[in-house]
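Features of the protein shown, as given by TrEMBL:
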DISULFID  Cys6-Cys52  disulfide bond
DISULFID  Cys20-Cys41  disulfide bond
DISULFID  Cys28-Cys83  disulfide bond
DISULFID  Cys42-Cys99  disulfide bond
DISULFID  Cys54-Cys115  disulfide bond
Amino acid sequence: SGPWMCYPGYAFKVPALPSCRPLLRLQCNGSQVPEAVLRDCCQQLADISEWCRCGALYSMLDSMYKEHGVQEGQAGTGPFPSCRKEVVKLTAASITAVCRLPIVIDASGDGAYVCKGVATYPDA
């Protein structure tokens, strides 16, 4: 296992984390997250290598914006109408910590719980 397995074109494909989408929307809007929603997202994220979890969250966020035809990180539109782009990014980056799932943050194998650089768009 290693970071190479997270890249497109390899046998391992990073999923779009459909179970984490409602969690991100609810958290970002300040709503209560039902236990089942949290459990489903955490289970889906747990099935992904700790090397790839942040990339999977990045891909999920990116696809959510693209599905709504929104420029990445554009505030007040798309899937997060009442959430500033900085809050969306921080919320997505913290999902691994909410789920208590470790991640690997660099090639040295150092671990953490909160993703760094999730969805860092040029205009962010």
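Using N, Cα and C of the backbone, Cβ positions are placed for all residues, glycine too.
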Neighbour count first, Cβ atoms within 10 Å, every protein chain included; then name which of Cys6, Cys52 tops the list of disulfide-bonded residues. Cys52
If you measure Cys83 (disulfide bond) to Cys41 (disulfide bond) at Cα, how many Å is it? 20
Among the disulfide-bonded residues Cys20, Cys41, Cys99, the one whose Cβ has the most other Cβ atoms within 10 Å is Cys20
Measuring Cα to Cα, tell me the gap between Cys115 (disulfide bond) and Cys28 (disulfide bond) in whole angstrom. 16
Subset of disulfide-bonded residues (Cys6, Cys42, Cys52, Cys99) lying within 10 A of Cys20 (disulfide bond), CA to CA, in sequence order: Cys42
Nearest-integer angstrom distance between the alpha carbons (Cα) of Cys42 (disulfide bond) and Cys6 (disulfide bond): 18
Determine the most Cβ-crowded residue among the disulfide-bonded residues Cys28, Cys54, Cys83, using a 10 Å radius around each Cβ and all protein chains in the structure. Cys54
What number of additional C-beta atoms lies within 10 angstroms of the C-beta atom of Cys115 (disulfide bond)? 23
